[in-house]
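Straight from TrEMBL, the features:
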type: BINDING; residues: 60, 61, 62, 63, 64, 65, 66, 67; note: ATP binding site
type: DOMAIN; residues: 1-184; note: domain 'Myosin motor'
């Protein structure tokens, strides 16, 4: 398949805006510069032409921009599929992100908010190739982090958030005690 190597610039660049989506829409792979929109366009075209499911695998190290790349691909599908103004599918699919981050993200030596989850996002299209829905499944990648952390790393955020909230009245029934240890 097609491989795209992307680098997270850690700042907003004008290469992901609406006009860039339209520039890549309908183009053949290789006619334009390598881009996440080119990969998304190729998958979209093959889905429509062959009437078969397509997959885009986004992989990389912690902090590489995997979640952001997936969001851009979803924005591309919503825009070219005529769904962007109707449903804002990107926002709906990622609405659970803050909860998932608390439960599944941890501090690593490379990233203060590193996702320890893998995500499988399935986007459904109708016969006109408009987005009609999506489903995001997550799976825990690092179960060992529950009982062990390397030096200068933290466990999952939720443990620290619970300990920081232990004195709140609504958490009284959870049995959290003052023995919660919160490293600096």
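Glycine residues also receive a Cβ, built from the backbone N, Cα and C atoms like all the rest.
Taking Cβ-Cβ distances under 8 Å and a sequence gap of 6 or more within the same chain, the neighbours of residue 67 (ATP binding site) are 115, 119. The Cβ neighbour count for residue 61 (ATP binding site), using a 10 Å radius and every protein chain shown, is 12. By neighbour count, meaning other C-beta atoms within 10 Å, the densest spot among the binding-site residues 60, 63, 65 is 65.
Listed in sequence order, 6, 8 are the same-chain residues at least 6 apart in sequence whose CB falls under 8 Å from the CB of residue 64 (ATP binding site).
For residue 66 (ATP binding site), the same-chain residues that are 6 or more apart in sequence and have a Cβ closer than 8 Å to its Cβ are 58, 59, 60, 115.
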